[in-house]
Structure formats: C-alpha cells, structure tokens
C-alpha cells in the first residue's frame, strides 16, 4: 500500500512498514495457487526485498498479506490461533470457509485500528480449492482474486487471460505473469515471486527469482 503524499526526509526513516504489494490466488480443479511479490517498504525506502507474504493459517489454508506489515501479520497470527482451536474442537481439519470467516470477523472488528487486507485460499475435503476475499470485513468467494497496490495495474490483464478449467501449471503461469506485470509498473511491488500450490496431497512452495521472471515488451 502506498503512503499518501510525497515522501519527506523523515519518511525514509520513520515511515510505517507496508507490504505495498501484489497478491493473487486462483482456484483450479482440486486446489488453489496463491502468489505474491516480496517487497516491503517504509516510506520511500525498501526495507525488505524478499519477505514472504504468504502466511499459513492451517495445514492446507494460507492467507496472502497486504497493507501494513504489522497489522496484516497480527491478523494472520490471531486467525491461525483461533483456527487451531476450532480444528481441535472439531477433531478434524477446519474448512477454508471457516478460516475466511475468522479473518473477516477480525478485519471487521478492528477495521478502525488495523490497515490490512488478507486474501484467504486453501483446500478442504468438502469444497476442494477455494479463494475468498475479506477486504473491509466482507466475505466473497471468487474463482480468482487479486489485491494490493500492484493489482490496479493488472485488472484488465487478469480479466482477459483467465479461463475456467486451467491446470495447476497454467494457474502458476497465470499468477506469475500477472504479478510480474504488476511489479514492472508498481513501485511498491518487486523482488521475487512466492508461489504456493495447495491440493489434497499437500502444499508445494516455489520461489521465482528475479532472473527467472518472464520478460514483457516494456522491458
């Protein structure tokens, strides 16, 4: 998230740390792909080039973080704790919808105090792969979702490039291309791309390094 106003001398040292960012999640038959860039900024300074913005909430449920880094991580930690207790009560893995509801409730309860948006995605045995947006305390399931400051540059691309029934590899490519395009345009997005693929078989983590990112015309 970009800070309002032009940077000042003090903002290079004291600006709030933001995961001003590009996050994305895509459903496929049997799972989901979640991706993010890795740049974290404070004011006009980049304070972390390789921060992993994909935070686990449970074994097969992840959230993608954007907004204030501290606020987003606080919500993720609270949600993970509540979800763990929920799973113990059920004596079975919790649903992705339950995780999304927990994140939604926390986000809405502290909407005046916390500046963060978490996207929840994962797999469960009842609904398979699922993606939920929770911005501002809402809850909506989507076949794919994007968020963060970089998302404003790629709405047209993802609307045109998405097609139902994509394979896991096609979803990873779709996510990588979209985040790369956002990183090229958004000064608050950059670094490497983290990808997590979640299925019934488990969780697959991948990192796309800078020299492995796809090349586009503007480069």
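Glycine residues also receive a Cβ, built from the backbone N, Cα and C atoms like all the rest.
Here Swiss-Prot flags 21 as active site, nucleophile. According to Swiss-Prot, the N6-acetyllysine annotation covers 53, 109.
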Residue 21 (active site, nucleophile) and residue 53 (N6-acetyllysine), Cα-Cα, nearest whole angstrom: 9
Lowest local Cβ density among 53, 109, which the record lists as modified residues, within 10 Å: 109
Distance, residue 21 (active site, nucleophile) to residue 109 (N6-acetyllysine) (CA atoms, angstrom): 24
All-chain count of other Cβ atoms within 10 Å of the residue listed as 'active site, nucleophile': 33
Mapped DSSP class for residue 109 (N6-acetyllysine), helix or strand or coil: helix
